[in-house]
Amino acid sequence: MNTFKTAQISRIGLFTALTIVMSQISIPMPYGVPMTMQTFIIPLVALLLGKKEGTLVSIIYIILGMIGLPVFAGFTGGLGIVLGPTGGFILSFPLLAICAGIASQKKNKSSVFLWLLTGSLLNFLVGMLYFSLMTSNSLWVAFTACVLPFIPTTLIKIGFIMLVGKKLQNLMLKKLPN
């Protein structure tokens, strides 16, 4: 039977709270749709905690939002957000976390980058398909509205995650109990 230790529960709770706080940071973009830090913090948390705990943080975050707590970007929550046009992006956060968790096990920077990119691409793909389905728009419309404007910022986020992620991971190994 797999049980969680107190330290694991504490880490998961702490990083869920950090995810909620970081999700409220929104950066206005010139094309109108703001960039949120959700897609920065989800993979960073999984890179720091590993696949199991990082994915669990993303699932807890989604559940908290689905039951109505205002944890999603803009202090929103509820099933209406997840069932809305951009809900696919939120629902795919565990995929993003799994890929980042796999990246956490890699030593080669190219492998880390490719796993982080794979997670982002899965997030884009699920979000774009969901958007297209929910709005009855073409995949091209979904791509140009939901993916294309965010490609540059996604690459910047991945670079920043790689820059600080491994350093924070090493610091956590020294400071936090298992």
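Cβ coordinates come from backbone N, Cα and C, glycine included.
Noted in TrEMBL for the protein shown:
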type	residues	note
TRANSMEM	12-27	transmembrane segment
TRANSMEM	33-49	transmembrane segment
TRANSMEM	56-75	transmembrane segment
TRANSMEM	81-100	transmembrane segment
TRANSMEM	112-133	transmembrane segment
TRANSMEM	139-165	transmembrane segment
Remote residues contacting the transmembrane segment (56-75) - C-beta distance under 8 A, at least 6 residues beyond either end: 12, 15-16, 19-20, 23-24, 26, 36, 38, 42, 45-46, 49, 81-82, 90-91, 93-94, 96-97
Intrachain neighbours beyond the transmembrane segment (139-165), with Cβ under 8 angstroms and 6 or more residues off its ends: 29, 31, 33, 35, 39-40, 43-44, 47-48, 86, 89, 100, 109, 112-113, 116-117, 120, 124, 127-129, 131-132
For the transmembrane segment (12-27), sequence-distant contacts whose Cβ falls under 8 Å of one of its Cβ atoms, 6 or more beyond its ends: 4, 34-38, 40-42, 45, 48-49, 53-54, 56-58, 60-61, 64, 71-75
Other parts of the chain folded back onto the transmembrane segment (33-49), taken as Cβ under 8 Å at six or more residues beyond its ends: 11-12, 15, 18-19, 22-23, 25-27, 55, 57-58, 61, 72-73, 89-90, 93, 96-101, 103-104, 112, 116, 119-120, 123, 145, 149-150, 153-154, 157-158, 160-161, 164-166, 168-169, 172
